[in-house]
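Notes follow once the structure below has been shown.
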């Protein structure tokens, strides 16, 4: 399943399709129970979903979920008994999906569903009642870790914590169940970008929050912050990297800073690190995490690489999103009891070994 700290509803594919390799078949489960639209679960508990639940022709609760990458999926809300560790959790709510549109069907075909991990009432973490969860996303290998509950790990360096930003009044553009943190500044190498504070904080409508979103691949910044970062990065990589200089090419619709790198080159040159400065904690993006090679795209004998920060304005999103690419090899702790997010650098493959998850 895709682990998504940016959304609430967990779901499984329940209908066979050519591009889906594994599905959940509710007909084979005696504890599966679809939720009728008359249920309070359907009418009230779904209020924090982006698209309110509706009623299908069979009078069942119909859920539609859409994501930042323009993909969407729909199906029925249902309850099921879930087994986690050695305990059973009857009445766990999820969605059984039967149709949808994907912007990355090749990647989606590898998964059976999605685990919603935000702070909404229907999210997996809220339903299970865990006070915290942590994860480590590995780089190229698949040695990631997901840990539910509290655990003191002696081999982990101390975490730096940043408080969650909470707003009590509902605002039209503010997602109150997201993991919102306060971005206080951005550094390129040692140089802090001259950004006014007003650019980095939510405005009176709630637009401009900074969300830690494991369900989004890259990191997206609102226009003024993105432009300042892009210009400074271009400045500091002059003579190190060659710009693609193709105004028509924008990777994934929002990443317009791309470079040509000779395919004969074994690795990328030394690049200036980008530091996202949060209240109480910094996230340093360096080396290969700054660049992403566009699959299958070449110009002459050069690979095309794009800068892994994009422009939220081009996505039509009124927020800063910190995606999973920049969370690689960081221990990320989401502490719901103390309303904070902690992070520390760690090698995920070693973390997996220490936890006894791999030989």
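Numbering starts at 1 and runs along the chain as displayed.
Quick reminder: no glycine exception, Cβ is built from N, Cα and C everywhere.
TrEMBL does not curate its annotations; it predicts them automatically.
Taken straight from TrEMBL:
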type: DOMAIN; residues: 1-344; note: domain 'Peptidase A1'
type: ACT_SITE; residues: 4; note: active site
type: ACT_SITE; residues: 213; note: active site
> Of all the active-site residues given, 4, 213, which residue's CB has the most CB neighbours within 10 A?
Replying inline: 213
> Could you give the Cα-Cα distance between residue 4 (active site) and residue 213 (active site), in whole Å?
Replying inline: 7
> Average pLDDT across the domain 'Peptidase A1' (1-344)?
Replying inline: 92
